[in-house]
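Working notes for the structure below.
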Amino acid sequence: MIIELAKNYGFCFGVKRAIKKAEQIKDAATIGPLIHNNEEISRLQKNFNVKTLENIKSLSNETKAIIRTHGITKQDLEELRKKDIEIFDATCPFVTKPQQICEQMSKEGYEIVIFGDENHPEVKGVKSYVNTKAYVVLDKKELQNIKLPSKIAVVSQTTKKPEHFMEIVNFLMLKAKEVRVFNTICDATFKNQDAIKELSLKSDVMVVVGGKNSANTKQLFLIAKTNCEDSYLIETEEELKKEWFLDKKHCGISAGASTPDWIIQKVIAKIENFGIN
């Protein structure tokens, strides 16, 4: 059986940057998980004493706080700045961009449409920078019964599929006099999604490695599943089952943006150890 890695996969720029910061800073607390990968979070805590707190209220004797890659709300940032604590911002620049856009556009009188998951920490943070009105949607149908203003700015969660974002944009173009469109989808998302689409079309089994609470990993899995019925989403090599690979000729592997290479290599090694010819 051939085992093939996607052309683009794994750690993105923003995650690499955040991990490096955390390793250098040490002995700190992150407000929410730094990234969406439990294994890497555990490694940071064990080796660098970087612990994860649920929220700002959980801070007690910590002297250093790291802002997660997904960012935090404007209100939480203001509260954090009032505390006697050193702040290190590991927010991905691709996430900071829609925050800045929303703040500026709402100052100019635009209402904001955010294409994304309202419960995702990134979207919560972006929405908090809107000073007018914000509509968070996952489907254009959610906009049909809303009385939309004449001036709209639209942004996307960084990990969403571009074609779905364009469905929202096309709908808004027919409804509002002025629509400002900002492409806030991360280019790593484009590359990883294109790569897994290509690989899944020629594979008869796919393994996607990443946190099951990771939005970009779930998107990769959905693309794989669309093209390859026998697709599996796992966090570690412990979840692999030999029967998945019996009678298979081509195994494709991809990984979410928060998945470190050391986990991916463990997955590959275990599949090889199954001895499927």
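Using the three backbone atoms N, Cα and C, a Cβ is placed for every residue, glycine included.
Per Swiss-Prot, the features are:
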- Cys12, Cys92, Cys186: [4Fe-4S] cluster binding site (BINDING)
- His36, His70, His120, Ser214, Asn216, Ser258: isopentenyl diphosphate binding site (BINDING)
- His36, His70, His120, Ser214, Asn216, Ser258: dimethylallyl diphosphate binding site (BINDING)
- His36, His70, His120, Thr158, Ser214, Asn216, Ser258: (2E)-4-hydroxy-3-methylbut-2-enyl diphosphate binding site (BINDING)
- Glu122: active site, proton donor (ACT_SITE)
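Counting only the Cα atoms, the space from His36 (isopentenyl diphosphate binding site) to Cys186 ([4Fe-4S] cluster binding site) is about 16 angstrom. In the structure shown, the C-beta of Cys12 has more C-beta neighbours within 10 angstroms than that of any other entry among the binding-site residues Cys12, Cys92, Cys186. Proximity to Asn216 (isopentenyl diphosphate binding site), defined by a C-alpha to C-alpha distance within 10 angstroms, is shown by the following recorded positions from Cys12, Glu122, Thr158: Thr158.
The residues near the dimethylallyl diphosphate site, meaning same-chain residues not in His36, His70, His120, Ser214, Asn216, Ser258 whose C-beta sits within 8 angstroms of the mean position of the site's C-beta atoms, are Ile35, Thr69, Glu122, Thr159, Gly211, Asn213, Ala215, Thr217, Gly256, Ala257, in sequence order. In three-state terms derived from DSSP, Glu122 (active site, proton donor) belongs to a helical segment. Its Cβ placed at the centre, His36 (isopentenyl diphosphate binding site) has 27 other Cβ atoms within 10 Å. Under the three-state DSSP scheme, Asn216 (isopentenyl diphosphate binding site) falls in the helix class. Within 10 Å of Thr158 ((2E)-4-hydroxy-3-methylbut-2-enyl diphosphate binding site), as judged by C-alpha distances, the recorded positions found are Glu122, Cys186; the full candidate list was His120, Glu122, Cys186.
Within 8 Å of the Cβ centroid of the [4Fe-4S] cluster site, not counting the listed residues Cys12, Cys92, Cys186, the chain contributes Phe13, Gly14, Val15, Thr69, Pro93, Phe94, Val95, Thr158, Ala188, Thr189, Ala257. Note: the CA-CA distance between Cys92 ([4Fe-4S] cluster binding site) and Ser258 (isopentenyl diphosphate binding site) rounds to 12 Å. The recorded positions listed here (Cys12, Glu122, Cys186) include Cys12 as those with a Cα within 10 A of the Cα of Ser258 (isopentenyl diphosphate binding site). Summary: among the binding-site residues (His70, His120), the fewest other C-beta atoms within 10 A of the C-beta are counted at His120.
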